């Protein structure tokens, strides 16, 4: 390098005497040659190397053209001045030597040339980046910063030279060099700010609330200064969602999902290739992509046997690496910098300790302290950039995976669907993806930890020689122990996840069927079932706690054992090996560096294990079989809209559902599909939709499809949005559809009309209304083909007739469309074009109504079984009636008693549209809304309507999120739930542990200060023994602390869960009406998981950090008392930053929690409605909606991860100041300090940054996660129903003996502040009477049922049953002694026996007898497991009829004196219906039977009929007497119903 220097004057490139060995004579300085080369070339070289990166990042910008501003003009102006100065410098140099270049030192004239090139390059980069819309460049800032540092050194040297030798300096060059320095500083300063907003962007969907990160300068980005305004806002007031910014475009689902999709497709294609290779014979794997989702079908088409090879699973991991690997690996590379810089500190500590005993110049000590500070600052900045990238990767993984799981749910086949319940799939979303997300920031520790340990061992070898190996041996010996613990932890985690899935699934079911649970008074049994699962889960967590304590013991011992074995070996192998301060504390600082990876490695291994379990679960789900996209073809050139040729179909490959189906449906025709229950009618529609597996044949549909399912699927949205279903609003068409579907009167009752929100699963609509909303959705969709699965079953006969005429029939709004109608309504058949008769999964007959009648085949047989008098009366053409009678052979007595009651809940007394002409104005009906007993009744709708007045059209309350800081009471609750002895014990043990830790280091300091006599130290064995004892006591105390804490927090979590469970199950129904199931399940899933695992982990780390910080401050203050002066201002600063941060961070966490629930609610809603969504081909819209929900949630998650970086960089900066002052005070006080104390003080201060950072981090994490306790506490304090049992008022065992029900001036309302729904009801129902209750919508029929079971409480008056005031009894005693057969047959997963007798009160013989009476004995006997037959979620593996019969068997088991019958039965065929009626008449002949009548002809044989109107009894007499009085309301209703 000397070639570049002034060799004529003997100038050197590097002069040690001038720069380092100054001996307090001169100030240290560099040579001019060094300044002209190294300090000029380095920044220019950096700019040259990084220029391509700058160009690439500018090129990728979505904005264009930053307008001219004072900032950009100044940058250009100053750069021009600098260019001019370099040109002048070159010219002056040449003039000075008369253009003889060889007379100028090479370095001297190259310097301005290099600078000129660099400035010109900067000009080009600045122009390009502004043109591309980039407001601030990191590369340009870095260049000016490095250049500024170099020029600052040169500026100082110039000034020193001028002071030494004014005359000998060339003044022209000196002046130019001095002027250039302020210009450089000016440009550096200007680069600290960002330019103006670009004029326009390429992306049309640019945000209205852009993230300020985009508008920030490079410096603001690396310091996260752009977050400060939000932190300040959050400190001043609780943050709201509207205060947050939108996501950066590259983090939205729109950007992230396609990248992952592309990689996942590659994985599927790879698997397909492997699968194809593995297959030797025929059968081919087919790769498909449907609606933006991916599927690969490995099943052989030849038959179920052939395709049974083991399935190769595509893995999610390579796809994630392919999609987000670049960001991840660039981040990982950054981690090398802080990992390497960590080892600067021990080297500097070595120099500092040596400095205290040497007579070196003071500036060197200050220089060491400065180097210590500088390396810490660089490490901080890079480390935070690394962390930010990792968390960002985690966030993107979540976005991609939630979307992938959601789309998979829309494609999963029916057989695969059975393998995973809704609860389990929601867990994949809420828990498993979270585990992957949590791993992303820490996974690099897998390589980083061994890397740090390796380098530390290298330095230790240099200090202690081969003795360092003993430490390595200890570490190696600990690894297999850790491996065993990790394996056990993995097994326990898998077991716990299974139990958790089971518990969440059970809670989901319980909450979905909560009303039935309350009516049967089964809460206690189901609470016990959940608690049984929970106890097993807690036992597993307990085992995990013991493992964790052993692991903590080992890894706390690890660094100490390493130090002990190393020091012990060192001093014992040779008495001349002296442990002085340098060796002891430099080694100790290296051990401290090692302790972090050693402590974290086991945690990371656990994280990796958990993530691996989650990955397997995700892989299994993502590879589940999908609905074959080719099971239905869509050839638009086909003649007919629907063609099935030789079709054989199955729900599952091994059981054929439909065989040999041949169907051609003409364009614009109306085809009815009829057959008995179980004949395969719904399955045939499913086959047309492609929901069934096609084993043989061909299905083709032409045009768009609308589908109305048998059980209507309703979204948690407004009525209007349910009808529009994503289509644009057309008022004329909309009104026409609403009229045709008889919905107008319903909408008139609602306070917000069609803008009223419908609750989850349509909770505030009757079955009939749900079905009509579903039908309106289909009618509005204007599709080509309509598949209608018995839509008229849920409505009253004349409403059905109106809908048939107005919508489906030859004159309806859909008259030109192709319609396939599954129906039991015989009256509609003469008007259809064609009838398909199904029997046992085959088409037995097909033809027009007349053709089939004449054949007298299966159709005639079907009619004989299903015809009723009502059906005959509805046929308006006398000729048709005669023809029917001649074929079927109807005689009046045959059908007299046969009441055709189809439906989940019919619409009694309803009429709408064209039917109004048949209703006299005096008896005008308010709406077609008779309420379903199982869901909610009309008056409940009025109740909701009442509570929604004033435009408040929300039924579901917005989830509350607390805004203040977490109250101390929440912490107290948490500690109280754990037990005070556990809580106090944990604190005490952690304190003791830290005390032993400090003791051991003070002892080491004392040892290292021992004088050396004849090359040895005295009492080495004593020092070593005491040091070892300290270590052993540390390990014992931390193990005890860890165990006490784990068991305490687990006990707390168990108690909180139990309290919440008990309170939720005994909450009033109004709570469930206004709270979505998803929200409650979220508390039982996510929040319980936080209290089980996350919170204990946070508390443990908080305690560790808290006592560690106290110890550090105590040691440094003890060593250098002047340090206390620094602690106070720094402490205040710390406190302010921490409070600033915690209030914002806590609020962001809460917003994140609240916006998370809708993702899961929307998801479970989608799983339920998947067939409907697929039929309407609305997958894309729903996927976008789900992605929108995820983005909405990430909007609050993103600032929370940025807030952590914002905090960390500030805290670490303050920590670095503490390190600097600890070192500086040690330097300045070297005369009064021993080298041992200097070593102790500085080595402790080196840990302060990490400790303080962790303390605030864990404080915040504890505060944000304690929100889970707050949320559990909130639901653990929900309002309760009346007492379950009142011991002193228990009725006799035999009560009620007679079954007398007496109402005395009874009044009730649904909630305080609402209108009365029953007014002054006074009546007596005598023992054994059969009473029918009728009334129009809102009359109070359902309220009467709810009042008897006390689901709503009396506002006034009383109800007596056999003389007992039911208001004074415990709810269990009341509800357990009266029976209801609800309208919706709700079953729970579990055995059949549990579904019949959850309390196990009855013998098997009694249960079999009840099953026999319910005509189920033969069916149950045929099941392999009999009474132990497992019923799937919601009873889906039984038909609706069988479910209804199980409800009858429940009633027969109880056989109480009072039976309430919510009379409508859901889509049950006539035989089942008659069987239920006959069984009730026979078995309950001595009981009082109260029937809520939805169809008048079913209660014509009642003892008396009660007519309710506006909550009052208007009529109560025998049906005969009421019919005689032509002016009675009942007579009017009978006339309207055509009786």
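Positions of Cβ are set from backbone N, Cα and C atoms, glycine also.
Automated prediction, rather than curation, is the source of TrEMBL annotations.
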Using TrEMBL as the reference, determine which range in 404-424, 509-529, 593-613 is annotated transmembrane segment.
593-613
Look up transmembrane segment in TrEMBL and report which of 278-300, 439-461, 623-645, 646-668 it refers to.
439-461
Scan 889-915, 916-942, 943-969, 1024-1050 against TrEMBL and say which stretch is down as transmembrane segment.
1024-1050
By Cβ distance under 8 Å, which residues at least 6 away from the ends of the transmembrane segment (312-334) in the same chain are close to it?
256, 259-260, 262-264, 266-268, 270-271, 274-275, 278, 296, 298, 382, 385-386, 389-390, 392-393, 396-397, 400-401, 404, 436, 440, 444, 447, 615, 618-620, 622-623
Mind checking which residues reach the transmembrane segment (544-573)? Cβ under 8 Å, same chain, six or more beyond either end.
460, 464-465, 467-468, 470-471, 473-475, 478, 481-482, 485, 488-489, 492-493, 496, 579, 583-584, 587-588, 591-592, 594-595, 598-599, 601-602, 993, 1000, 1017, 1020, 1024, 1027-1028, 1031, 1034-1036, 1038-1039, 1042-1043, 1046-1047, 1050
Of 77-97, 109-128, 439-461, 593-613, 1024-1050, whichever stretch has the most CB pairs under 8 A to the transmembrane segment (467-489):
593-613
Which sequence positions outside the transmembrane segment (439-461), separated from its termini by at least 6 residues, show Cβ-Cβ distances below 8 Å to it?
328, 331-332, 335-336, 339-340, 342-343, 346-347, 387, 390-391, 393-394, 397, 468-469, 471-472, 475, 566, 586-587, 590-591, 593-594, 596-598, 600-601, 603-604, 607-608, 610-611
Could you pull out which residues elsewhere in the chain have a CB under 8 Å from any CB of the transmembrane segment (109-128), counting only those six or more residues past its ends?
4, 36-37, 40-41, 43-44, 47-48, 51, 54-55, 58, 72, 75-76, 79, 82-83, 86-87, 89-90, 93-94, 101, 137, 139-140, 143, 147
Sequence-remote contacts (6 or more beyond its ends) of the transmembrane segment (38-56), Cβ cut-off under 8 Å?
30, 111, 114-115, 117-118, 121-122, 125, 128-129, 137-140, 142-143, 146-147, 150-151, 153-154
If contact means at least 3 Cβ pairs within less than 8 Å, sequence distance 6 or more, would you call the transmembrane segment (1207-1228) and the transmembrane segment (77-97) in contact?
no
Who are the chain neighbours of the transmembrane segment (366-386) in space, where the CB to CB distance is under 8 Å and they lie at least 6 residues beyond its ends?
222-224, 331-332, 334-335, 337-338, 341-342, 344-345, 348, 351-352, 355, 1205, 1208-1209, 1212-1213, 1215-1217, 1219-1220, 1223-1224, 1227, 1249
Mean of the pLDDT scores, which run from 0 to 100, over the domain 'ABC transporter' (642-865):
86
